[in-house]
């Protein structure tokens, strides 16, 4: 599995994808310019498209564009149109099907008492069920995003003030969600009751900020204030910030995979430095699965911190035995009929000099389908490695995520249908070791996993989902808006 | 005033614009390709953007593009995506403000019991009032088009079947509307109770067609069946066609300006050939305002049929004394600071040889602001005309239209603030004659205007509006969706 | 055959095309803006692409763009880059094959003693032969345009000053050419020895202008000074204008087809008003081929002036029995497999009311392949005409043009393989009449054609070419630069 | 200084840039597809634009596009147009000024005896002088590339066969050049007499390959045959490969900066593994400039291999204390007037957890202007570093390169105007150490630099240029083709 900082890459797309990053600022000139920078720092959370809504005291302004932040929102004309001292933004990874602008957030609605824009990093587990109910009452959906469901719940709420409408809406949804909303007078942030996805509060010279990760605070020189608490809703106005807890209290279940792969290494999430956790993972891995070898080689770039930790703990040289080509864009299609299976080579090449004749420990963050691992191992063997030992910086991923991460169906996950030995054979390594689930919990600072009440959401490893899965379990799980996929 | 077949033209935009053409076909392979041809024939009714929705038995498909039909919908990839044996389409003229794709019709909604697409040629006079009510009930508007209001009325109707929902919706709207709608099983057409805008029924080898004008039937070799009646709603299914009359009966008030300028000369509207009416107008004009002159010169192309009629009746030579440059696109901006007032010359040039030393009768279809007329008269004088007599193929236009035509505010209309003598002086002609209102009624075949119960809508000449003007008269007339104007 | 003012139109492209218009101005601020307007007025001479080169006293600036002038050169950024008080421009029709920017004029070269830009309206009859010789001497060609041949001849001339180099170059070429060139100090214009293509001299408040037609002077309010004489070369500097005659004197042979179709009706070419000539053609035609009929109907727009003349002479009503859709763009492809042969209907529709039951005289300017005529006649019959009599405003076109007009091979020309009777049968008319060659000469003011020394180039009617055809006759007639056709 | 694998990055562009990569293959189906892959692997040598010319046995085909290989040449339509079994390609970095397609290689010319395409990685030191001579003889230049000069020399050669013409041409040029050329029958490769730029020979199942670096062989699974020798010219035909040495023998002077920064770490150049050399550099640096510190942190990604070597030699932990954002595109402009100096933060962020309270050794590959170093040091201090010691993996860069590398004028180079102590103060580090010139020579395997006859070109460190600099020294050094800069 390759790097979270990757631009997606067609046929070789063999990893999990986080779907969104959000960022908002309230009370600062050039608000949209700051959101642009914040979203750029969150680009690893979604590269497909982005949107920003600003409010200038009179009017809302919206821009949505396909592509990287740096390709679209840095044009002066675009930024100049986004007037105002408050703005929220969103960057997204394309999920299946519709890649048009229609699904790009933030979404906006004119309610009877004023406009509201909403962006979120989430996946609702009852969105389709709620949507069906709303349609029966006459709501018209123009996109397939969960955000529109939330927006309709706010619009059709019988409550009078916006806070109450918002609370009314979020109480009807289930799943993982970190929301930011902007109205004429307020910026609202909200995390789901278990705090599955991250959302942090920052401060830039008195202007409040909401962001998915702290790296988005660093880029603009903002101060990290604190993580929002699971189930917390904050309402920011020109008078200050208020905190609400609209849900029944529940035990927190932060997504542990954020530490393994999604979050940027320089971010602090839920109080922990991501790079530090990843090095710890490498250390735990070296203890759990030691190996007699000559060098430690990361699969760049996502395996690098764990490889450094592994090398230090194992007292082996850390070497860049695989070189990455950073120019792999989204659309590189193997040209020509006689040229196939180029995928891995487009992105990686072995550094033969380092590998030839060596016993190599390869460190990667996870195995999804296994096809990429297979090709990388072959490349390393072709470069003359004497032995190849694969060490994976997480437990085997056996189950799909329903909380905002794009995962293959469970049946496509290698670990769901093979034992570790079979996997070792499949990817053709001399040995294969995964981090244990308790090792992973140790790396994040816990003594071990509490199997009664797990401290994190680790459903992709354990298939123990912290919420109901209404849409999946119900019979009502067909997407109705098939039309929209065809719209340019 | 220049030609209805014109592409709009920046600074010199001195005429009325019709806002829409609609076309639908039910029960024919390559339905979208046929809609494309039909819309091409209706291009004079709107050049800014177009959209087509088709249904393939399983799924709806939609394409919306800015530009001419021939620039966008003739691409094979576009047409190929619009699968199915039934489709409706729409071509539009840009009104003030938002020119994004967001406002391009047809609009589509997924209702609880299936999808529906709606396109219309209309302007509702109570759209904003209805929209405000719907927003209070939780409907979210994403565009500023009246079509979305109708769509929400259908979606929120308590009726069960689609016919009843549709009827429920159209009974709540006021103004001028010719609608076509497409559902999984039906194509629906509907004209407002007074039949202000045209809508005709055609037949192509057993497939039913709805179109704004008959010229759209001719292009595909379809048979003209009949005009829809004012207030008529037709429902077309695979079993045939049913007719309904959901409104209180009212006296018809077809837009008489369609004969003067909007409709294509080769169309038959409400049983009358447009070219024939325009020639009659020229004949009536020659009788009402004869002039001792040498030649009759049309302001091309819209003044041409009346000029032919005038020349024949007056027994004067008809000559192309003004030559038109057909390459004037939408974006021709006078380049360079030292070059101004180029507008008329970009589009017209005098044919000096024909004009020099002559007493010229210039025939144009109408005078809006008068600025274009002024420049054309000057050009003709510069070419050496001895006398210039302007004859206008309609009465003075004094009042704004609220029924789907883009008109300046009344105060900008030359005829609203000047007498005919003052206008003659303003545009610097030796004589100026307008057709009388009764002359216009004679040209369309009536004995005279029935002032008690006028046979047509002639509000632009008489300021007698056939409907209430709820939005204009109410206090509630501020567009709320200002945000959307900023969206690319 | 349809209108010279047409945008080209794919599958139904059944007419001759002029290939170029040129325009230059020397000594006027906003020179490029004025060239833009001039080229817009010459757009009927070529719609595919355009280019302008300006000189600002220090530096040359060049812009070349595919598309209409109004779509490309009216952008402020484009015009602003074209600094300077002198500029030349060119608009072109695409010939076979390469439509890239590479062939767009003016072309520019940096010679040892300074830059020179050249644009022309021409076709050389010995270009390939000269090009082959130049290549053997080491000249590298990057385009397939004749202009580059001229540029290389100038560049490789052994003469020292630019006037002499220019003369040296034009003496080596044969064919039809009207050239404009711009150097740091001079604007040069030159017509071929027989003056086959037009070039006029104008004056705008002291700034000299060179243009293909007078309509380009009218648009900017410039004064027509005179036509350049056949074989004349004018050199314009800040000190004034000098005239040279570098060629052996020859009898003039201006292209008579300019009067029939290419030139704009409002232009004066070689002293004659084009519209006037076309009306005369109609008059001559009515005398030569009278017919007992009810109405005269032009094939719009190119048949219109002749139809007016015919109707006046025959004392028959002139009626717009065919209505033209001006929105036909370049790329309208018949969509859908079941829809074919839409071509004519995309552009024309009959005005049934005028035609039904009538004996119709159809007037068109020429017949090329005959396929369009066939379809138009069928349309008129379908509209109920009792009889259809076709009258053509020129003699039968039997031969290809090698002087800058895009014509089919002779064998594709209907008149090259059928008698008039056979043609009448082929296009299914009740009678068919062409203007005689002497009738055409009378229409332009001659008593008759001087068969010993014809007053005009009429090779397309007579196959009597006024020059040698070196490339065609030689064995050396293969285009060598086949590579470039693939370049985007 | 940041990574060779970088996409260029506006205002913070503080490093040297290599200007070109070349790749050719002869005798293999899907030749252009293979060139595409090869150029993708060479993308670090130039990101601005690329071109490919193929020959299909009959015809040459050419495609040139601005942007990354993966964005342009991977489209099926593009590759499909590039038919044939032999093809050459080029990827380039934009130099000053003209960024239009005009300068994109390969260039093509039709000579009298057939076509030839040429691409090169080079800079000629007498290009302008030669160009001026050619212009005087009548050659017309349409671009500002040195390649066109070579093409004209080939075209105007009096030799008869293409080998002799090619030799005639390359003997007249001076500077650094690695050329590939394609004719109807041959692929030719040639290195300048001192072999300043790299060029390697490869083999793919019998098809010969020429490429700038071995990483381009790896991606397609080709076998590395050997480096071309300095001054060697190889001619590949369907019969095999011939080798020529057209120049006077000279001592080799390969560019030593290829090892420091330009080449990809996994490539072998002139027999040495680049990553290995860079690690050696780190080892030498640790020996020459040891420091008492806690961690070694690379400036990613270009400082990483040297930092690994340094850490191993110094026995200090290697840590990713700076995290790189790989999404920085070419056009990221600091948005908003109140936000400035964002450059470094857009691309790098500190990993505070690793740095806080530590004595940090920062390893970077070079210092150019010093502004980026200054900002990175400040970031590291802001993250709480106790001490910052900068170690640079090359000697101070004091002089401009005239051999195909884009360098600032010497006066802008920090090392040209400051001592090491002053530089340390300027960038605000506790200590600063550069590798010595002998240390660099040791790292590549030499005992020391031979000051009499240096083994490499190291002019950027020593200002000792291996060739004459005719254009720079002559008075004739003004670019004449200023016009072309304005062409889009």
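Just so it is clear, glycine is given a Cβ too, placed from its N, Cα and C backbone atoms.
Now, the feature entries from TrEMBL:
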- B:20-239: domain 'Glutamine amidotransferase type-2' (DOMAIN)
- B:20: active site, nucleophile (ACT_SITE)
- B:255, B:401, B:457, B:460: [4Fe-4S] cluster binding site (BINDING)
- B:302, B:364, B:365: Mg(2+) binding site (BINDING)
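Where TrEMBL records a feature, it is marked here on the structure.
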| residue | record | DSSP (3 states) |
| --- | --- | --- |
| B:20 | active site, nucleophile | strand |
| B:255 | [4Fe-4S] cluster binding site | strand |
| B:302 | Mg(2+) binding site | coil |
| B:364 | Mg(2+) binding site | strand |
| B:401 | [4Fe-4S] cluster binding site | coil |
| B:457 | [4Fe-4S] cluster binding site | strand |
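Applying an 8 A CB threshold to same-chain residues 6+ apart, the list for residue B:401 ([4Fe-4S] cluster binding site) reads B:16, B:257, B:407, B:459, B:460. Fewest other C-beta atoms within 10 angstroms, among the binding-site residues B:364, B:365, are seen around B:364. Of the listed recorded positions, namely B:20, B:255, B:457, B:460, the sparsest Cβ surroundings within 10 Å are found at B:20. Taking the centre of the Cβ atoms of B:255, B:401, B:457, B:460 as the [4Fe-4S] cluster site, the nearby residues of that chain (Cβ within 8 Å, site residues left out) are B:196, B:256, B:257, B:403, B:405, B:458, B:459. Between the CA atoms of residue B:364 (Mg(2+) binding site) and residue B:457 ([4Fe-4S] cluster binding site) there is a gap of 21 Å, rounded to the nearest whole number. Closest to residue B:365 (Mg(2+) binding site) in space, going by CA atoms and restricting to the recorded positions B:20, B:255, B:457, is B:255. Residue pair residue B:302 (Mg(2+) binding site) / residue B:255 ([4Fe-4S] cluster binding site) shows a Cα separation of 18 Å. Reported as a whole number, the C-alpha separation between residue B:457 ([4Fe-4S] cluster binding site) and residue B:20 (active site, nucleophile) equals 18 Å.
Looking at residue B:255 ([4Fe-4S] cluster binding site) and the residue listed as 'active site, nucleophile', their Cα atoms lie 14 Å from each other.
The 10 Å shell around the Cβ of residue B:302 (Mg(2+) binding site) contains 25 further Cβ atoms across the protein chains shown.
Mean model confidence for the domain 'Glutamine amidotransferase type-2' (B:20-239) is a pLDDT of 91.
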